[in-house]
Amino acid sequence: MIGLSTAAEVRAAEDVLLAAGREGALMQRAATGLAVVCLRLLGRAHGARVTLLVGAGNNGGDALFAGAQLAARGARVTAVLFDADRAHPAGLAALRRAGGRVTGPEGPDGLDRADLVLDGIVGIGGRGGLRTEAARLAERAATGPGLTVAVDVPSGVDADTGAVEGAAFAAVHTVTFGAVKPGLVVGEGRGYAGTVHLVDIGLAPHLAPARAHQLTDADVAAHLEPPGPTDDKYSRGVVGVVAGSAVYPGAAVLCTGAALRTRPGLVRYAGTAADGVRAAWPEAIVTDGRPGDAGRVQAWVAGPGMGTDDDARSVLAEVLATDLPVVVDADALTMAAREPDLVRGRTAPTVLTPHDREFERFGVPVGGDRISSARRLAADLGAVVLLKGDATVVAAPDGTAFVNATGTSDLATAGSGDVLSGVLGSLLAAGTPAAETAAAAAHLHGRAGQIAAARGPILASDLVRVLPDTVGRVRGGGDALLGHSGA
Ligand SMILES: NC(=O)C1=CN([C@@H]2O[C@H](COP(=O)(O)OP(=O)(O)OC[C@H]3O[C@@H](n4cnc5c(N)ncnc54)[C@H](O)[C@@H]3O)[C@@H](O)[C@H]2O)[C@@H](O)CC1
Ligand SMILES: Nc1ncnc2c1ncn2[C@@H]1O[C@H](COP(=O)(O)OP(=O)(O)O)[C@@H](O)[C@H]1O
Ligand SMILES: [K+]
């Protein structure tokens, strides 16, 4: 698991080392790690043109020290100081000693011919969008030829939330220090951060336990254990699906198929799309009766394509009245938003899987801070909330949160969410803790999207088809497709 630490948590850990007089050492570790990543990205230092955008704080100091290391290896480094009087004095001296040039925001910044641009405007000390001068150069960097690399956090991105209020530096890579900050992997900030490289500066022993995490393939593999010699079709967890309708059987077929393909023990289906499900999945046990007629299950998935009329409402209420884990998706979300008490007060886990428009039906739009929004609704309903998006967020009522690290925008296709709820129901039937299990389902769904999309545009049924291969590959470990790396 990769812990996501807020700016305050990072500062608290740094304070321990600063109190021990290690300030210089911390910044040197950060700058050296940064220079190493830059060298790797450039492929060579000698003759490379590098522009540093340097703000008045320690973030600018990191950029200056890293620039000095690159200059010492023959790079042609120009530092643009936004506030010449307050630029980090030791960093500036080091850059000058190494032969780097220094200019102001109106000076010859070299951006039009740069091979690499380092954004040291602001780091975790930043507030709000970039100010005018910085915004103008960030824009030129984004449209210029140089590879854009953010120091610690892309300037203008809120390190804690990923919110971007105004202009921000668009980085292709972000080299971050001590811990990955949530704002690099969630919300708008994710798009500005690009690939995240984590540099270890020795903070780990002093960091408070993270309240938000990203799962890796290895974490998710623990949810995908193959059956053992004593297992039978029941012992692996039976999932029940109430979804679809006679007119719209597609959602039921996708959801049931995804559940079967994730953990092929036993899937039961109850509802009016029974004929369609039978035809598509002879392996499923199907009834066109009520959930209670389906037989025993260990978890329910309710919602995709089931409608929101009185019959659908009574089916949902029957499922939510059980003491089993329930996934509430799609039409079931619409009904739960109308009647939140259907969910509040349940003792067994409930996982709600809204996208932004479904989330808003519960009263408040998602806004720029997706983790806090998911936490708020989770606490209000006493349920796990899986808020879908390009980086899906999962929050538990106690504030534990996960940000998904897998996926592709190709997943924005009709029926993709029905597949996710089938995968999730199937994993929940094993009885593992609901929030981490929901995060594991999002991870697996995202991986399936990446694998399916490697061949071209995808349909939701392609996701179902590649699920067994995806499970096999995630079990096999290896995070080659993940968005960030250790530096
Ligand atoms: N504290 C430490 O020992 C370490 C700090 N490190 C670096 O230091 C950074 C934090 O440094 P600071 O606390 O000095 O703060 P920053 O350098 O992140 O930002 C503070 C400066 O930015 C200005 N600023 C704030 N918002 C702005 C905006 N929207 N537009 C333009 N300017 C804005 C402020 O006026 C202030 O001058 C980290 O992100 C990291 O890069 C690393 O060197 C590791 C060690
Ligand atoms: N731009 C995107 N990048 C990555 N994943 C996305 C993107 N858009 C949607 N997704 C994912 O695709 C799925 C879509 O679900 P949903 O909107 O419920 O689809 P549907 O209702 O058509 O089944 C979610 O898992 C979501 O996280
Ligand atoms: K920065």
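Cβ coordinates come from backbone N, Cα and C, glycine included.
Not measured: the values here are computed from a predicted model.
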TrEMBL K(+) site partner of Asn59, Ser155, selected from Asp85, Asp115, Asp119: Asp119
Same-site residue for AMP (record: TrEMBL; known: Lys388, Gly389, Asp390, Ala391, Thr392; options: Gly363, Gly415, Gly417): Gly417
Cβ packing number for Ile124 ((6S)-NADPHX binding site), 10 Å threshold: 23
Chain-mates of Lys388, Gly389, Asp390, Ala391, Thr392, Gly417 with C-beta within 8 Å of site centroid, AMP: His355, Leu387, Val393, Asn404, Gly407, Leu411, Ala442
Distance-selected binding-site residues near ligand 3 (C-beta under 6 Å), from Arg127, Ser155, Lys388, Gly389, Ala391, Gly417: Ser155
Extra residues within 8 Å (Cβ to Cβ centroid of Asn59, Asp119, Ser155), K(+): Leu53, Gly55, Gly60, Ala63, Gly120, Ile121, Val122, Gly123, Gly126, Ala150, Val151, Asp152, Val153, Pro154, Phe169
Minimum Cα separation from Asp119 (K(+) binding site), reported as the residue among binding-site residues Asn58, Arg127, His355, Lys388, Asp390 that achieves it: Asn58
Entries of Asp119, Ile124, Arg127, Gly417 (binding-site residues) sitting next to ligand 2, with Cβ under 6 Å as the cut-off: Gly417
Gly61 ((6S)-NADPHX binding site) CB neighbourhood, other CB atoms within 10 A: 25
